[in-house]
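Copied over from TrEMBL, here are the features:
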- A:265-288: transmembrane segment (TRANSMEM)
- A:320-340: transmembrane segment (TRANSMEM)
- A:352-370: transmembrane segment (TRANSMEM)
- A:404-421: transmembrane segment (TRANSMEM)
- A:450-469: transmembrane segment (TRANSMEM)
- A:489-512: transmembrane segment (TRANSMEM)
- A:519-537: transmembrane segment (TRANSMEM)
Amino acid sequence: MIKIEHSAGRSPTRLLAHSLLLCLLMAWGSCLSQTAAAALGEPQTEALSKAEPQALLEALDTGNFRAKGDAAQAIADSDAEQKTRWLQALLDGRLGKERRGERFYIITDDSGREWPIIDAITFEDAGSGTRRTVDVFRINNDLRTRIRGLLASLSLSAGDEASRLSAAKRLIGEISAENAASVRKMRDDEKSPSVRDQLDIGLALFEVQQGDAKALDTLRGNLDTRVRNTLAPIAAGDSALAAEAQAVLGGIESKRAWYDRAQTLFFGLSAGSILVLAAIGLAITFGVMGVINMAHGELIMIGAYTTWMIQQALPGQPGLALALAIPGGFLVAGAFGVAIERTVIRFLKGRPLETLLATFGLSLILQQLVRSVFSPLNRRVTSPDWLQGAWQINEALSLTLNRLAVLLFCLVVFAGLWALMRHTRLGLEVRAVTQNRAMARAMGVRATRVDMLTFGLGAGVAGLAGVALSQLTNVGPNLGQGYIVDSFLVVVFGGVGNLWGTLVAGMSLGVINQVLQPWVGAVLAKIIVLVGVILFIQKRPQGIFPPKGRTS
Amino acid sequence: MTTISLRKLIAGSSIALGLAGFGSTALAQDAAQDEGPIRVGILHSLSGTMAISESTLKDEMLMLIDKQNAAGGLLGRQLEPVVMDPASDWSLYAEQARDMLTGDDHVDVIFGNWTSASRKAVLPVVEELDGLLFYPVQYEGEESSENIFYTGAAPNQQAIPAVDYLMSQGVERWALLGTDYVYPRTTNKILEAYLKANGVADDDIMINYTPFGFSDWQSIVSQVKDFGSQGKKTAVVSTINGDANVPFYNELANQGISAGDIPVVAFSVGEQELTGIDTAPLVGHMAAWNYFMSVDSDANYDFIDDWVAYTGNDEAVTNDPMEAHYIGFNMWVQAVEKAGTTDVDAVKDSIIGVTVPNLSGGASTMMPNHHITKPVMIGEIQDDGQFSVVWRTPTTVAGDAWSDYLPDSRNLISDWRAPLRCGKLDVESMTCEDGPGAE
């Protein structure tokens, strides 16, 4: 049996939290009522557990969150059949009381302004309610955590391994003299090795706190921040353990530092992959045709809006919509690109300044067009489930899935473009026109057609960048603006018209930026990168990979 | 025959029309002084970066004016909106404010601006031309103008109570994240001074600024995660503005930081901003405002019904700056009725002390420092994109133009009533540094 008593220096909520954890872990039904008793500071009354459903719900109708929590506890302890549904509805913000009456309702669907409701006690249909008629019970962060704990323990009659594991993890740093013995017993009874490992860490941490040097071995190289936070004061103190704890702590810190570096590298590559995606279309148009296309950012935006529109057409299937958006974004933005080339750029050949101004004007027109057609407000593009969250490699290193996906996508797009340029007739013609336009035409290459297709290709790749960006940032009329300067920076830094140059330049600028950011802040990091590129261009005007041949 | 008569008819009728038109304009010009419509300037960006926030305020003002006209107008005259689009360009705000106050339009009052930069640009213009400006957004304080009425929150009506609430929840470490411009920098300066005065150590405060529209949050969020995993309860106080918030919250969710671990309390995120985000992973993060769409009051329900009907969009949301315009507009209407004229100086005097109902079930009063009284609320984000109010001040709080927590402005007050008429009065030396009272 677990003994829970109020001890000096421990707040009741914390005591409650950790006894709840123990409940979770051991799934003892009787434990719950004890927790309640501990929280209330008085023995459980018989009347409470047998109270009428009405009275149980009545107790929730209070502005005081602590009292509300106790009422939720009483519901969990009662033998009301509806208790799980009540607690779930309370957690979801769907349990409410009639505003001028005594009935309680559960809202079955809270979207829109008029909700279908059912009676909370009988579960009978009660028509519809609005905010004017139903007063929904509010909960706050602490209460939310508490209700989740209650629900978890209610559904934990079997106590599967996953919930035992998460409870064991939460016990680290929470073990004290009061519960150490019962945790030890639990550890001995535990069959799952992973749960046992977590319990071992928790127990070792407790033993180190008690001055046991041997337990330090278990903690060597552990990356959990709670281990580090507990060891730090011990290492700084002057107990017999201090020197050894210091050594273990040093080991942990250096291991963490390595993972931190790996994480920074990942951040840099992921930031770089966005730059590469945004810039690579520009590298094609700028490099091959010498067109300074200021509307490139808006082509990115068009790709992002295409993603949004496809998602609107396929509600509830964000994954499929995203997959369709990849060809969709390419085609739509590519079509815009071809149209721009045919209607504007073709007539301004060889006049870079006028092309720059005309495309700048185009970018403003496209932005305002989107504002008028859709709205100035940002559109919401949902990410599919498999792009949310992070790949947790260990306690110190996790890679967010959406950025990992964008990084891979960038590499795929790059490989595809590279293959296109190397191994297809179009690629051959494009390279021929880049190297010597007049000679290529003399050899029978239709340069104007190549121009059109090249521009369409560059625009299509910009559309692909837009599809990727819709997963990372806002889809709105201003989306493209933020990337146009960066894109030119990458292209110029990498060497005009060189795909490898764009890749290396984009990735290195991303990494440099992310390395600098924690030291000097986002604003200064950007300035330093800009100044660095300008200085580099002074030394090597052709960029990292200058074009071969007799161009200079 | 028929063709000739038709031609005659057309010619004759166009002359008649022209005459009639001429006559009516001449008449209108004669009567413009006191019989014509009262012109209400609306100076909100409808294009550019700020359109996302400001365009709804324009629609709201049009709705309020419609409603007032339907109820018989003001002083027996109709209200006529004059809408301009400063295109998120700060200098254009000043130019268009000048146009509104001088040109043919000659508006009687302006409702407008969002960013502090645009307000600072318009301030000298309305002071020079003696206009009236109602500014509806929470701002950094440290300013008081005879011609501007601040219906949004000053720092003591938003930032300070929010920090107090978090302290009561046991928060000991503070990450102050903001966009790099005047409002976050001044607010964070005030908060830093306030936190230190409450015994928070230097090491327990982290301050970080990012540019407008920033989207690459990964390393900053991971820094915050690290900062928050040192064993003390940590909270983020966010003055991140505009659409940079969406990638910020997404990154928080992706890196697995829930409100239970490190709660974020934001001063610039409202219902409008949340429409662009999937809020399920954000449940429990907070915002501090003086109004939430979820507030329980009949005035609020009526307002929401009107707004939904006006926009024709069942999903339309309301937010705090909209309430500020609602209060500001009603205060101006009452002040004009009280003064019996739209004359700027008369309205400036009559509006002080005017009390109108706000949307949270209470009433707001215009104070002598041109700020208003409002309740302060903390709301937690819900999975439907709304906030649930978890805490509110028992009474309304009066806006303080000059912060009590900054050494430079500790002794300053502002009082635009008749004998003092001073926007920057040092109460220790009783010298006035700004305003007609200075002479």
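Backbone N, Cα and C atoms are what each Cβ position is placed from, and that goes for glycine too.
Here the structure is a predicted model, which means the values were calculated and not measured.
Tertiary proximity for the transmembrane segment (A:352-370) is limited to same-chain residues at least six positions away from its ends with a CB under 8 Å from its CB atoms, namely 290-295, 297-298, 301-302, 305, 340, 344-345, 477-478, 480-481, 484. Sequence-distant contacts of the transmembrane segment (A:519-537) (same chain, at least 6 residues past either end, Cβ-Cβ under 8 Å): 489, 492-493, 509, 512-513, 543. Contact between the transmembrane segment (A:404-421) and the transmembrane segment (A:320-340) does not hold: fewer than three of their C-beta pairs are under 8 Å, each pair 6 or more apart in sequence. Within its own chain, the transmembrane segment (A:450-469) is flanked in space by residues 274, 277-278, 280-285, 288-289, 291, 293, 296, 299-307, 322, 325-326, 328-338, 340-342, 345-346, 406, 409-410, 413, 417, 420, 426, 429-430, 433, 475, 479, 483, which lie at least six positions past its ends and keep a Cβ under 8 Å from the stretch.
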